[in-house]
Amino acid sequence: MSASPITEPIVFIGPMASGKSSIGRRVAKQLGVPFVDSDKVFVAEHGVIADYFTSHGEQAFRDREADVVEALLLQSRADLASGQPSVIALGGGAIVSERTRANLADAHIVLVMTTEEAVLGRSNLSSRPLLANDPGAWSRILAERLPLYKQLASATFDTSRLPKDQIANSITAWVEAGCQPDESSTRRNGHDRINA
Ligand SMILES: Nc1ncnc2c1ncn2[C@@H]1O[C@H](COP(=O)(O)OP(=O)(O)O)[C@@H](O)[C@H]1O
Ligand SMILES: O=C(O)C1=C[C@@H](OP(=O)(O)O)[C@@H](O)[C@H](O)C1
Ligand SMILES: [Mg+2]
């Protein structure tokens, strides 16, 4: 991407297994920019997430996850200053950290939203410790986090029905059009609408 109009990090948020990592990677490829996944960085620094939950507990995971996200956003903003945008996918629970939400101020935030039916029908969830023994937790956890997702989102894309490539095309087009907040974004004070 040359002479990019993008001036902020492009960040994917949303519930577990909604497509942040796989669709975020596709969007980065289509834009021709680097992609980074906060869970992958966490694993490189601290080991397997499920093992970290078992040995240190969820709060310690959230604290280290917030450190990872903070470093990624700092790096992304530094790269932007030299003209290089990037796409970041967060883990689904990263936004529960107040520090992370503060660090996301002004980012272009893509909320990928799906349904329990779609997630439980398609995914191997065992690597996600919060779901490993309790797939029904997906909806309960989403209900708790939904206000935060909505508060942060610049635009929302439904990933429950269409193929990943088609959803990625829509998101890439949204980025190339300048990441305008959609009608559901509280940044624009509108009402609910879901794209794609
Ligand atoms: N729209 C979609 N159609 C089909 N499969 C999807 C779709 N979105 C996500 N998936 C699949 O769901 C699983 C979880 O996706 P992933 O990108 O890892 O989600 P997240 O990073 O949000 O947890 C993967 O196997 C992915 O291929
Ligand atoms: O929602 C969560 O609390 C989590 C989501 C996971 O990432 P994905 O959203 O990419 O599955 C991973 O960070 C961890 O298992 C916890
Ligand atoms: Mg992921």
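Using N, Cα and C of the backbone, Cβ positions are placed for all residues, glycine too.
Non-local neighbourhood of Lys20 (ATP binding site): Phe12, Ile13, Gly14, Ala89, Leu90, Gly92, Val112, each in the same chain, at least six residues away, with C-beta under 8 Å from its C-beta. If you look up TrEMBL, you'll see Ala17, Ser18, Gly19, Lys20, Ser21, Ser22, Arg128 marked as ATP binding site.
The feature Mg(2+) binding site is assigned by TrEMBL to Ser21. Within 10 Å of the C-beta of Ser21 (ATP binding site) we count 19 further C-beta atoms, all protein chains included.
Taking Cβ-Cβ distances under 8 Å and a sequence gap of 6 or more within the same chain, the neighbours of Arg62 (substrate binding site) are Gly93, Val96, Ser97. When secondary structure is read from DSSP and collapsed to three states, Arg62 (substrate binding site) falls in the helix class. Annotation comment: TrEMBL describes Asp39, Arg62, Gly92, Arg145 as substrate binding site.
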Just to be sure I understand the packing, how many Cβ atoms besides its own are within 10 Å of the Cβ of Arg145 (substrate binding site)? 18
Filter the candidate list Ser18, Lys20, Asp39, Arg62, Arg128, Arg145 of binding-site residues, keeping only entries whose CB is under 6 Å from an atom of ligand 3. Lys20, Asp39
C-beta crowding around Gly92 (substrate binding site), within 10 angstroms: 24
If you measure Gly19 (ATP binding site) to Asp39 (substrate binding site) at Cα, how many Å is it? 13
